[in-house]
């Protein structure tokens, strides 16, 4: 059996206004090669962008990999490593019996994560971590670029 490739992925999400224009930024490192990705949406939330970034990164991998995925989002990290198990058992309801927010993205992240061996890591945001700072720049630039793309799953609070 061949050994899985080790990929380092760094992600960040940004939103101006929350809700408002938003974007995500991704930096992927593999054997000295770096790939950056980002995109923006006209109306979304910070949490949706924090979830979409690792989804896009994992979906971009062409084969199963060993991944070290680093984000400054405790929401994303806690959700995918801890909370998701209970949500799935309860039919995507929280412990208060309310529907899980951003369920479309949680399901997509769960599916994308199944294909890889992932070490989910957290880094403090805005603390000088080079890749995290770069992701932040990419995400903010995407949000500030007057994006017109619609975040199809975004549902405003009523």
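Every residue, even glycine, has its Cβ placed from backbone N, Cα and C.
Every protein chain considered, the tally of other Cβ atoms within 10 Å of the Cβ of residue 136 (Mg(2+) 2 binding site) stands at 19. The Mg(2+) 2 binding site annotation in Swiss-Prot covers 12, 136.
Sequence-distant contacts of residue 12 (Mg(2+) 2 binding site), defined as residues of its own chain at least six apart whose C-beta falls under 8 angstroms from its C-beta, comprise 24, 25, 50, 53, 71, 72, 73, 125, 132, 135, 136, 138, 139. Under the three-state DSSP scheme, residue 12 (Mg(2+) 2 binding site) falls in the strand class. Under the heading Mg(2+) 1 binding site, Swiss-Prot lists 12, 50, 72, citing sequence analysis as support.
Among the features that Swiss-Prot reports, domain 'RNase H type-1' is placed at 3-144.
The region 'Disordered' annotation in Swiss-Prot covers 137-158. Tertiary proximity for the region 'Disordered' (137-158) is limited to same-chain residues at least six positions away from its ends with a CB under 8 Å from its CB atoms, namely 12-16, 19-27, 36-45, 48-49, 53, 102, 104-105.
Each of the binding-site residues 50, 72 was scored by the number of other CB atoms within 10 Å of its CB, and the largest score is that of 50.
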